[in-house]
């Protein structure tokens, strides 16, 4: 049974291509018998050009909508599904024939794209955030990363704190003077007391 299923899956694309070619040739012969071969060829070319133009226009709009949703921190899942349908429509419209043009134009219809979105949306898991890296942007700087650590400057940011002073010299260089902390001040005072006692 497993081998039969594997053989079926292996030959399925070839069977679909053969069936598609058979349908296209049959429709072309019937239309050419009524309108003539030149007019039939002209209709095929015109339908392909119109379809590709529609795919291009909708693709630009979809890309702009996707960028806007990403900037707003919303999920662009619907636009991604729509872009996939546009790619499939473009491939079908590039194939000469009435049947493939019909399928390509069908994928450009809003209600078809909406149906595909409703069917495929539950299977998508897209991060809802301002960026792809898993870290959004908060108020006044960078937000938290995926581990909950806070980045950026501010009183709540982590890291070591250094206390010092600087003076401006004539050569426009900065020199840092070390300011002793409380422990160093206590140690210095004790050493001064000990030295004073020794002098006595």
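The backbone N, Cα and C atoms fix where each Cβ goes, and this holds for glycine too.
Residues or ranges marked as transmembrane segment by TrEMBL: 12-29 (among others). Long-range contacts of the transmembrane segment (12-29) within the same chain, counting only residues at least 6 positions beyond its ends with a Cβ under 8 Å from a Cβ of the stretch, are 40, 44, 96-100.
Sequence annotations record features per position, and here TrEMBL assigns transmembrane segment to 35-55 (among others).
According to TrEMBL, the feature transmembrane segment maps to 86-112 (among others).
Residues or ranges marked as region 'Disordered' by TrEMBL: 146-200.
For 165-184 (among others), the entry in TrEMBL reads compositional bias 'Basic and acidic residues'.
Annotation comment: TrEMBL describes 191-200 (among others) as compositional bias 'Basic and acidic residues'.
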Beyond the flanks of the transmembrane segment (35-55) by 6 or more, those residues with Cβ under 8 Å of it: 28, 86, 89-90, 93-94, 96-98, 101, 104-105, 108
